[in-house]
């Protein structure tokens, strides 16, 4: 359904989202190039940051280019295969973002709570394994959502109340067997929501406990400022993501849901490079 029916607003939307897309891709590419080209940044923290930037580029590239093409061609149609492909890739990379942020919280926990054993504990093999596991869990989540969508038989000439094939909107199209869909969504939400959030909160509980034991105020400030960027990105990502689904559950306005979706699909990947570059001396 897009973001607006107003024809006068379409050029404005096209220019706005094109600029946001280019800024996101350029900002995240600069972070990846900076980390790969500077040997001083070849550490676990920056390894995870480069993977987060790559995931942000992929996630925004699954939605915004199609929306820009729709505005230019004045057509909002998408094929069945195209919709499933967009939904699958979007789910993979958004879930990948979530998993990498969880892994980065563990990385900060080891760096602050066990600094003398950091390089031994966060060795290259473990870092690669954590990224591989994050991708496999994201792929599993995507395939389970696809299986639920494939159970919907009447999937022709329907309107999706979003500017892309949002999985939450597609699952609402099902008129039969909603109970099993709800059960699977609840299990996925518990597994992919509760456990990573618990890991992030536990990591920061240990981090804050360790920081408070530092005797000098300058040392406490320095230790806490090192993880402020990650904490800001986690808050932005989780806040906007949960806001979208709470909004869709509490409100029946498709426009409000679409605007809320823009926050975590477009705005969050665009702000990540600014948050990390402005708060990180190594990246600057």
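From the backbone N, Cα and C atoms, a Cβ is placed for every residue, glycine too.
The annotation transmembrane segment is assigned in TrEMBL to 12-35 (among others). Only residues 6 or more beyond the boundaries of the transmembrane segment (12-35), in the same chain, are considered here, and those with a CB under 8 A from a CB of the stretch are 3-4, 41-42, 46-47, 49-50, 53-54, 56-57, 60-61, 64-65, 67-68, 71-72, 266-267, 269-270, 272-274, 276-277, 283.
Regional average pLDDT for the domain 'G-protein coupled receptors family 1 profile' (27-276) in the model is 82. Taken from TrEMBL, the feature domain 'G-protein coupled receptors family 1 profile' covers 27-276.
As annotated by TrEMBL, transmembrane segment applies to 100-120 (among others).
With a cut-off of 8 Å between Cβ atoms, the residues of this chain six or more beyond the transmembrane segment (127-150) that come close are 44, 47-48, 51, 84, 87-89, 91-93, 95-96, 99-100, 102-103, 106, 167, 170-171, 174, 181, 184-185, 188, 192. The transmembrane segment feature in TrEMBL is assigned to 127-150 (among others).
Look at TrEMBL and you will find 183-202 (among others) tagged as transmembrane segment.
The transmembrane segment feature in TrEMBL is assigned to 223-246 (among others).
What TrEMBL lists as transmembrane segment is 258-278 (among others).
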